[in-house]
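Listed in Swiss-Prot for this protein:
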- Tyr22: active site, proton acceptor (ACT_SITE)
- His99: active site, proton donor (ACT_SITE)
- Asn73, His79, Asp86, Ile100, Ser101, Arg110: substrate binding site (BINDING)
- Arg17: site 'Transition state stabilizer' (SITE)
Amino acid sequence: MNILLINGPNLNLLGTREPEIYGSKTLNDIENDLSSIANDKIINLECFQSNHEGEIVDKIQDSIKNVQGILINAGAFTHTSISIRDALIGSKIPFVELHISNIFSREEFRKESFLTDKAIGIISGFGISSYSLGLYGIIEYLKNKK
């Protein structure tokens, strides 16, 4: 089973960017933690981060034939990107939407997501644990889908 983790803009700054909201772990720390979980479950996990919308769309499209599930924290693109939404829909790859903070308890503009209604699930507000919860969730979903 192949799972793709996508992180959007500014998530490369985790560990230094607003640690009171996002915590002190770096993106590399998160990816290492998830890779350990994936290895224990005999899952192939590919991690990808980009600050560029088109690169994220390209990555989704390039994954159509070899990825069974996607975890995505689209960052600010969650609230703005119809092209990422369309790429996810067009790929037909099941995906879980992730957020470190609870986007529904923040500023008004963060409460709208272009992804939520197409995701198999959303995990928001559990800090860095949102990533591992999402990974466990998509693994179970894919196992039960077979």
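Using N, Cα and C of the backbone, Cβ positions are placed for all residues, glycine too.
Location within the structure of each feature annotated in Swiss-Prot.
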residue: Arg17; record: site 'Transition state stabilizer'; DSSP class: coil
residue: Tyr22; record: active site, proton acceptor; DSSP class: helix
residue: Asn73; record: substrate binding site; DSSP class: strand
residue: His79; record: substrate binding site; DSSP class: helix
residue: Asp86; record: substrate binding site; DSSP class: helix
residue: His99; record: active site, proton donor; DSSP class: strand
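Taking each Cβ in turn and tallying the other Cβ atoms within 10 Å, the top scorer among the binding-site residues Asn73, Ser101 is Asn73. On a Cα basis, Arg17 (site 'Transition state stabilizer') lies 15 Å away from Asn73 (substrate binding site).
Counting every protein chain shown, the number of other Cβ atoms lying within 10 Å of the Cβ of Arg17 (site 'Transition state stabilizer') is 12. The local packing around Tyr22 (active site, proton acceptor), expressed as other Cβ atoms within 10 Å of its Cβ over all shown chains, amounts to 18.
Compared over the recorded positions His79, His99, the count of CB atoms lying within 10 A of a residue's CB peaks at His99. For Asp86 (substrate binding site), the number of other Cβ atoms no farther than 10 Å from its own Cβ, over all displayed protein chains, is 14. Within 10 Å (C-alpha to C-alpha) of Tyr22 (active site, proton acceptor) lie the following binding-site residues from His79, Asp86, Ile100, Ser101: Ile100, Ser101. Counted within 10 Å of its Cβ, the other Cβ atoms near Ile100 (substrate binding site) come to 24, all protein chains included. Between the CA atoms of Ser101 (substrate binding site) and Arg17 (site 'Transition state stabilizer') there is a gap of 13 Å. On a Cα basis, His79 (substrate binding site) lies 12 Å away from the residue listed as 'active site, proton donor'.
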